[in-house]
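Asks: The structure that follows is given in the form of structure tokens.
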Amino acid sequence: MADTSSETVDFGFSTVPRGEKRHKVREVFDSVAGRYDIMNDLMSLGVHRLWKREFVAMMDPRPHRTLLDLAGGTGDISLRWLAAGGGPVLMTDINEAMLRVGRGRAEEQARIEGIGFAVADAEALPLRDSCVDRVSIAFGLRNCTDKDRVLAEARRVLKPGGRFFCLEFSRLQVAAAQPLYEKWSFVALPAIGARVAQDRESYQYLAESIRMFPDQETLAGMMRRAGFERVSYRNLSGGIAAIHSGWRL
């Protein structure tokens, strides 16, 4: 196997050694964990709540279906899945601070019995093959170092007939709105982050990471190469975000 330790990868618009990205991403989310939900409201003007509602509905929650929620963060997807009638959830995140927030929310909503929590790297899941019905990742894939590996791991742990879902910021498809979107992302958002969270740099990184993430067709191709079948995607809000899905058949 080739030594990739000296390779560089993107971290926003910067490049860093491959081995450093995980640490730097962890620092970002340590910083924003307590205000993560506010951050999502700022980045999407609150529309992320509608996107997540559609995302979970597409997963078709059923009591007999199990969910692995990758980069589960503050628990939004896991809790929505349970509220919609889904079965047991394992919520994972590489960042322990984020999981603590998610656990607290689950306790507040009296749904702690339905969720397991694990600090785990989506690139090397500590799970056996073919063990879950659904795998989800929402606003997390762009922060992973090796996205191809995450997709391969998601497929590995899915049962035959299982389905993978990804909700992520993507490429705006409305050209006339692009100048305003750029100004919002790179001028307004970091300024708001500095004022609300006293953390301009983290919000700057998050805006940059969106632009560096593969576009809709590129991500669909990556999923097919990982072995997913019947891959499709749905644009949300003109392509500001997109839901991708693929089956393990």
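Each residue, glycine too, has its Cβ placed from N, Cα and C.
Quick paste of what Swiss-Prot says about this protein:
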{"type": "BINDING", "residues": "Thr74, Asp93, Asp121, Ala122", "note": "S-adenosyl-L-methionine binding site"}
Asks: Sequence gap of 6 or more, C-beta under 8 Å: which same-chain residues meet both conditions with respect to Thr74 (S-adenosyl-L-methionine binding site)?
Replies: Ala33, Tyr36, Asp37, Met98, Val101, Gly102, Arg105
Asks: Including all protein chains displayed, how many Cβ atoms other than that of Asp93 (S-adenosyl-L-methionine binding site) lie within 10 Å of its Cβ?
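Replies: The answer is 27.
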Asks: In DSSP terms, helix, strand or coil for Thr74 (S-adenosyl-L-methionine binding site)?
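Replies: Where Thr74 (S-adenosyl-L-methionine binding site) sits, the three-state DSSP reduction gives coil.
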Asks: Cβ-Cβ under 8 Å from Ala122 (S-adenosyl-L-methionine binding site), same chain, 6 or more residues apart: which ones?
Replies: Leu70, Ala71, Thr92, Ile94, Ile137, Gly140, Cys144, Val150, Glu153, Ala154
Asks: Tell me, how many other CB atoms lie within 10 A of the CB of Asp121 (S-adenosyl-L-methionine binding site), whichever protein chain they belong to?
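Replies: Cβ-Cβ neighbours of Asp121 (S-adenosyl-L-methionine binding site) within 10 Å number 18.
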Asks: If you measure every Cα to Cα distance among Thr74, Asp93, Asp121, Ala122, the residues said to bind S-adenosyl-L-methionine, what is the biggest one in Å?
Replies: 16
